[in-house]
Amino acid sequence: KDLTLKKAREVCTCSHQAIITFFCQLFPVLDWLPRYNVKTQLLGDVISGLLVGIVAIPQSISYSLLASQDPIYGIYTNFFCNIIYVVMATSRHNFVGSFGVLCLMIGQSVNRHLQLAGYSDDNTGSALVGNSTSFSNGTGACDRSCYAITVALSLSFLVGLYQILLGVLQLGFVAVYLSEPLLSGFVTGSSLTIITSQMKYLLGLKIPRHEGVGSFILTWVDLFRYIQNTNICDLVTSLVALAIIVPVKEINDRYKEKMKAPFPIELLVVIVATVISYYCSFEKRYKSAVCGDIPTGFRKPTLPDINLFSSLAVDALPIAIIGFAMTVSLAEIFGKKHGYAVRANQEMIAIGMCNLIPSFFYCFASSAALTKTLLKESTGTQTQVSGLVTSLVLLLVLLWIAPLFYSLQTSILGVVTIVNLRGGLRKFCDTPRMWQLSKLDTVVWWTTMLSSTLITTEIGLLVGVCFALLCIIFRTQRPRATLLGKVSNTEIYEDQSTYKQLSSIANIKIFRFESSLYYANKDYFKTVLYQKTGVNPILLAAKHQRVEAQANADTSNSKSFFGTGFDCLKPAKKRAEKPPADACPPSIDMHTLILDCGAMQFIDTVGLSALKETRHDYKEIGVQVLLANCNPSIRHRLREG
């Protein structure tokens, strides 16, 4: 009772310093902003923020298309998320905004709900005409675009809520189950799905939308089925844009160390394509799909639709986990590179706030974006002040520049999206090297990639996690087991099958089991132990019993000979002195078995029973069993058991 009261007083004690510490931990900007050095840090932050903002403009618009939203909502998302992340993040280099994989998952969820609500695909990618749609809780008509953003902001609210709860409950360790091969395979599979979804824009086709299992294959089937309806204007525009953007971005990647900043080819192509489309009247003359009206300014805040929460709860969970995993992994990479600490749980709360608060301002879910984070780091950012500069660039677009993109073709946005997926596709080139390093990790990568592509992204992620965990279980279920020999003139013992010229100790065998002993591998432990030592105590005990039974039978027979006549005495003695070969008790070449437990981290109750049975079985045939290198927890379990 006294200890409980003491701990409760320590936790509940509230002082001036405790309040300051709490708010500094919750809002890290209060810690680093007063120490901000304008002379040494401001220039790098401003340049980096401007360059990232320039790149973010076309990507915000193109990723809105991927999320089945109007272009303005992608700009809203990147604007608000940057401001919130500046205040709450511990990372100095992450850029938080629209991320391709998340936009794909958001778009799939939005499209599914649009179909359930009875909206057609005719207005896909079109903007709000006149910006007149009402969101006032059923007081006005809600068209397809209005319902799409309602679903997206409700989904973003749930994603943020999940992430904040995980952060408050200190459950940041959940991300450790998303290994690097798993995440890499998931991103690559999602990239293939994104490319498939964008092909109809590059070709200017109107094809049925497919959701769920097999949508990847069905979409490609429809692309070839309707390929004769290709819009030549969109196709030519896409090919020209690809021919310009891809080589320039490759040059940017190859000479990024020599260039002070990458050339903003995407923005240049978007501007030129918009101007050409406007003056050549691509929309009227060739029926090319364009962005349409993009409103300026901000809209009044709105509340998420509570009625959608039950149907979106499952969709929000994988988005929350992927968003957090990407954010924390990038934060830790650059934190380690530049020598500062990153708090995973605070990052989870920060990214949760970046999804929860903007959901009231017509934003969809976001996370750290890989390409823009790499650009931010490579252009010399020092702190998150660069995020504020990026938000100012996007603010200019929101207030004045956005309507100028009316004539921008959606095929150009598709090209921008596809070009930024090159990193995910390059992972295919890394698989041979991965196979040399770890075949099991390569199988995890291919399993996650194929399931994410051919089934659905959510199920693919689940399949990847389950398969990776099964691989871990498989590794511990059938671990490596060896007999040890002694290195000459030392007290070092090593694997006899790996090292040569090891000396064995007469009549003593040392067995190492390189895993914890628990219910899943206890049978394998016994099997491999009998195999390596060459002594199966159960079979030997059975042979002993047969020999004893045979001996008893011979004894009884000899007694019957004594009863029948004196002449039978000598033959009976001869038979007793020279039994048949198969009646001899089997001989073994050891009297002691040592189990090296150095690799065992724990033993459960089933493993403890297996050790008891092993000790008992070998004792029956005259072999003593000793345990070596037991850690304190195993010794405690042995004493208790």
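Even glycines carry a Cβ here, placed using N, Cα and C.
Source: prediction; values computed, not measured.
As annotated by TrEMBL, transmembrane segment applies to 42-61 (among others). For the transmembrane segment (42-61), the residues of the chain that approach it from at least six positions outside its boundaries are 71, 74-75, 77-78, 95, 97-98, 261-262, 264, 266-267, 269-270, 291, 369, 371-372, 375-376, 379-383, 385-394, 397, 405, 408, 413, 416-417, 420, judged by C-beta separation under 8 angstroms.
Look at TrEMBL and you will find 73-90 (among others) tagged as transmembrane segment.
The transmembrane segment annotation in TrEMBL covers 146-165 (among others).
Residues or ranges marked as transmembrane segment by TrEMBL: 171-195 (among others). Using a Cβ-Cβ cut-off under 8 Å and counting only residues 6 or more beyond its ends in the same chain, the transmembrane segment (171-195) has close neighbours at 66, 100-101, 104-105, 216, 321-322, 324-326, 328-329, 344-345, 347-348, 417-418, 421, 424-425, 427-428, 434, 438, 441-442, 444-453, 457, 460-461, 464-465, 468-469.
Distant neighbours of the transmembrane segment (232-249): 201-204, 262-263, 265-266, 269, 273, 282, 286-289, 409, 411-412, 414-416, 418-419, 422; these residues of the same chain sit at least 6 beyond its ends, with a Cβ under 8 Å from one of its Cβ atoms. Residues or ranges marked as transmembrane segment by TrEMBL: 232-249 (among others).
The transmembrane segment annotation in TrEMBL covers 261-280 (among others).
The annotation transmembrane segment is assigned in TrEMBL to 308-328 (among others).
Summarising the annotation, TrEMBL assigns transmembrane segment to 348-365 (among others). Distant neighbours of the transmembrane segment (348-365): 26, 67, 69, 73-74, 76-77, 80-81, 84-85, 88-90, 96, 98, 102-103, 106, 149, 152-157, 159-168, 171-172, 298-299, 301-304, 316, 319-320, 323-324, 327-328; these residues of the same chain sit at least 6 beyond its ends, with a Cβ under 8 Å from one of its Cβ atoms.
The list of residues near the transmembrane segment (385-406) in space but at least 6 beyond its ends in sequence, with Cβ under 8 angstroms from a Cβ of it, reads 36, 41-42, 44-46, 48-50, 52-54, 56-57, 60-61, 71-72, 75-76, 78-79, 82-83, 85-86, 95-96, 270, 274, 278, 290-298, 376. If you look up TrEMBL, you'll see 385-406 (among others) marked as transmembrane segment.
According to TrEMBL, the feature transmembrane segment maps to 443-474 (among others).
Per-residue pLDDT, averaged along the domain 'STAS' (498-641), amounts to 80 for this model. Here TrEMBL flags 498-641 as domain 'STAS'.
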Top partner of the transmembrane segment (146-165) among 73-90, 261-280, 308-328, 443-474 - counted as Cβ pairs under 8 Å = 308-328
For the transmembrane segment (443-474), what are the same-chain contacts with Cβ under 8 Å, counting residues 6+ beyond its ends?
-> 101, 104-105, 108, 177-179, 181-182, 184-186, 188-190, 192-193, 212-217, 315, 318, 321-322, 427, 431, 434, 520
